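Trainee: Before I ask anything, here is the structure I am working with.
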Amino acid sequence: PLCSVKISECVQLYLTALHSYSDGPVFEEQPSSLIYPEGMPEGKVTLSCQARASPAAIYRWRVNGTEIAFAEDSHYTQVAGNLVINNPQNGRDGGSYQCLAINRCGTIVSRVANLKFGYLHDFPPESRSPQTVHEGAGTFLACQPPAHYPALSYRWFINEFPNFIQPEGGRWFVSQVTGNLYLANARANDTGNYFCFTTINMDISTKSIFSKALVSFKNKKQTYALSGQTAQLECFAYGNPIPKIRWRKVDGILPPKVGASAEGPTLIIPELNFDDEGMYECEVYTSEGRETHQGRVSVQAQPEWLQVMSDSEVEISSELQWSCAAAGKPRPTIRWLRNGHNLALEDSGMYQCVAENKHGTVYSNAELRVQVQAPDFRLNPVRKLVPAARGGQVKMECKPRAAPKPTLFWSRGTELLTNSTRITVTPDGVLWIYNISRADEGKYTCFAENYLGKANSTGHLSVRDATKITLAPSNADINQGENATLQCHASHDPTMDLTFTWFLNGVLLDLEEPNGHYRRLEGTIGDLLIVNGQLSHAGTYTCTAQTVVDSAVASAKLVVRGPPGPPGGLLVTRNDDTSVELRWSHGYDNHSPIGKYVILGRSSQTHDWKRMRTDPANIEGNAESARVIDLRPWMDYEFQVIASNILGSGEPSMPSQPVRTKQAAPTVAPSGLGGGGGNHNELIITWTPMAREYQNGDGFGYILAFRKQGMPTWTVVRVPHVESSRYVYSNESLSAYCPFEVRIKAYNKKGEGPFSQIAVVHSAEEEPTVSPRRINATALTAFEIQVSWDPIQHLNINGTVLLLWLQIRYWRQHEREAAADRVRTAGLESMARVTGLRPNTLYHVTVLAYNSAGTGPPSPRTTVVTKKPPPNRPPGNISWKIVGSWVTVRWDHVKSMDNESAVLGYKVLYKHEGQSSLKILEKSKNSITLPLPKDSGYVVVEIRSWGDGGDGAAQEAIVSQDSGM
């Protein structure tokens, strides 16, 4: 039967069947690079390779460009598409591996997977020489790691594992670049044996070793990092006090993603992108000064596809252009492969585009199929019914499947259609008819022919009435927040549906969005209602009335008047110690003239924006500059400008770049001046450290002046550190509790500030030498005692009476006095209560005098036994009887146990509805009569026993007019 079929039809049938059941390989899994531990016994490596293909793919592998032969005695085996390397060895198996997936449609090559071997050798066995450093000085210990691959992570421990060194407020720092341990300033307790602890992480295992015991700033450098990875910049300095560190980006803004690392020795920039490239500066500062160093971050990237090729079917004898584009840094090179080999453009097959630079290689795959087919309209016939509007135009398409490309022409009945003033037939078979009339209705046929055969398809053209706008929208002008209505009506062919759509500046509006600003006016299908108009709603509105065959449009402009837009180009043009000069450009006035400007600012010590004082005080709407005054010296500021008109205030400008005012001498004195206490022969002076906003400059410190009260000469000392808050003056001739006049002022490298008001501070007191006498302790309840004593004689030093305080110590029998609990009271008191005790327990009690210098001798001891506890059972069987507006409440007596105190009576607590406080009545009987509230309210009653041991457990009841027992 095949003999009767034309050769061309045989070719077409064969290619159709082949393509119906064949698909070229597409990778689902590709091998990945890995690092294998050198010397690992009896190990193996598996490189994955799986491809989707029809028929199923077969696989081959290459190592360093040479195909692998799988022999019985080979250490290579193949499982499905995966390559298994048994007992990998460095020197034999290291290299670049690629997988080839093959079927009858063609061959594709996987990405390159590199197998490398990781190792970490031991530290040298020789001991290192001890290292000496002076206390307060900085130093470092070198790690000197052994040979290794890949990179290490570093930690240090002291004396014994795992006593790892912690950052300790920035005093210690471990470089993850060199492994060295840096110390800002040494202390006496830093002496010890230090060990460098290194760890290497590989794909299969982790290894750690440590060194033998070990008894400055970095220079500017350039760091290269790949896009998407994390970059780390290190910076450390010696100094005492410990230097603080902060980072900034010299040629831009430090990205927020660096987080808290911006204030530490290691700046961490995660997920690098090209915006992060640039110069970074580390500033190290103390109260004594500052220093900066810089380093550049250069971001590079492995290749990434911008445009990839896709599977294509093309007709025989035609041309095909595939495009491949890739981004990367350095710029990737592009090469092509066909069936796994260098490209030779001949016929169907699997093609690959390869982009590569020094950081990596990426592959893009596609299959090319060549088609051969006679014209066929079965999948894409001419539309059976084509409606068109009278006076408009219509497009009729002719798209048969055919290869090579067929010749196309149109006819109406027996008339062959050619190009004229109303008819155009394009080379690709599209028929256009313009200025349509009723006479154009009828059947139209497209004919297609190539050397393999011919075919045709027919459609019917139906002519309808045109759509016209009968009421067009009008221009409108509103204030922000007002509503606007735009009308739109149209006529159309009655046999077709009409829809209305609206566009703003060419963008389609969603009229169905809940709570949106746009909606259809109720009772119409074409009118648009704009609710609560905003500045963003201004522009050109276009109404489109549309049927399936044509459309008509009409437009109108809407003007929305509102507050001004944000000013632009805000710059700081000049600054001194208390003022800066700002300049800006006008923003949009939004159709209402700008009336005035307001300047907002914030410092590095505040987060909220506030209105700043300016010169002039009122900035007119035509101004483009102003001076901000009353700023603090040596403070970082940001500024914004807001414009206003009669409709309100607009959005603020973008913040200015941070600017620091110039330095000046301090203008205020430190606060909180006081002191006292301390050891014998000492005068301690304390104050509140000056906040950053009052320092006015660097080189900051304090000047103290003090003298004995009544003496003419002041002693003056300098305290150089901004963090300082106390000064101790020692002198063997100082008498106890001697009054001194003290004052303080601040200084920086620009000068000195004013002195504070004089405060009187006393030198250290002496410990008391007397103790209370005639101590007596009495048990009040099971949980409380009362302690009394004779009033103590207070000390008189230099004409000043020193008030002593008293401390009551109490402890149980068989306990040590050192574990005693304590209660403190004023020295003028002669009695105090101690609560929270255990019932029926013997306590020892003593009383001591104390002051800021310490405690005096204890008084003679006394003992006391707390009383037995009250019964822990509440009164039971509560009942009540109501007579008129009174209620009589009764309850059963509470009987105490042998180990409980006797019941002497009962406490009744009650309150009426709506009252917040309880009234207390004490009764010896087991009943009580209470008044009921008016208006049918209720009474809350709480009953408990009482006796020498205190109050017992309570029972509550609610009594009302509606209840009775």
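Positions of Cβ are set from backbone N, Cα and C atoms, glycine also.
Here's the feature list from TrEMBL:
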- 25-116: domain 'Ig-like' (DOMAIN)
- 124-216: domain 'Ig-like' (DOMAIN)
- 228-298: domain 'Ig-like' (DOMAIN)
- 303-369: domain 'Ig-like' (DOMAIN)
- 375-462: domain 'Ig-like' (DOMAIN)
- 467-559: domain 'Ig-like' (DOMAIN)
- 566-664: domain 'Fibronectin type-III' (DOMAIN)
- 652-675: region 'Disordered' (REGION)
- 669-766: domain 'Fibronectin type-III' (DOMAIN)
- 771-869: domain 'Fibronectin type-III' (DOMAIN)
- 874-965: domain 'Fibronectin type-III' (DOMAIN)
Trainee: Using Cβ atoms and a strict cutoff of less than 8 Å, what residues sit near the region 'Disordered' (652-675) while being 6 or more residues removed from its termini?
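Mentor: Residues 566-568, 570-572, 575-580, 582, 584, 587, 600, 604, 609, 631-642, 683-690, 694-698, 700, 702, 726, 742-757, 759, 761 contact the region 'Disordered' (652-675) from elsewhere in the chain.
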Trainee: Kindly report the helix/strand/coil residue split of the domain 'Ig-like' (124-216) according to DSSP, in that order.
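Mentor: With helix first, then strand, then coil, the domain 'Ig-like' (124-216) has 3 helix, 33 strand, 57 coil.
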Trainee: The domain 'Ig-like' (303-369) and the domain 'Ig-like' (375-462): do they have three or more Cβ pairs under 8 Å, with pairs 6 or more apart in sequence?
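Mentor: Touching, yes - the domain 'Ig-like' (375-462) and the domain 'Ig-like' (303-369) meet the threshold of 3 or more Cβ pairs under 8 Å.
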Trainee: With Cβ distances under 8 Å as the criterion, find the stretch in 25-116, 771-869, 874-965 that has the most pairs with the domain 'Ig-like' (303-369).
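Mentor: Highest pair count goes to 25-116.
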Trainee: For the domain 'Fibronectin type-III' (566-664), what are the DSSP-based totals of helix, strand and coil residues?
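Mentor: Per-class counts: 0 helix, 46 strand, 53 coil.
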Trainee: Limited to the domain 'Ig-like' (228-298), I'd like the whole-number average of pLDDT.
Mentor: 87
Trainee: Do we see three or more Cβ pairs under 8 Å linking the domain 'Ig-like' (228-298) and the domain 'Ig-like' (467-559), pairs being at least 6 apart in sequence?
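Mentor: No, the stretches stay apart by this measure.
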Trainee: What is the three-state DSSP composition of the domain 'Ig-like' (375-462), stated as helix, strand and coil residue counts?
Mentor: 3 helix, 46 strand, 39 coil
Trainee: What does DSSP give as the helix, strand and coil breakdown of the domain 'Fibronectin type-III' (874-965)?
Mentor: 0 helix, 51 strand, 41 coil
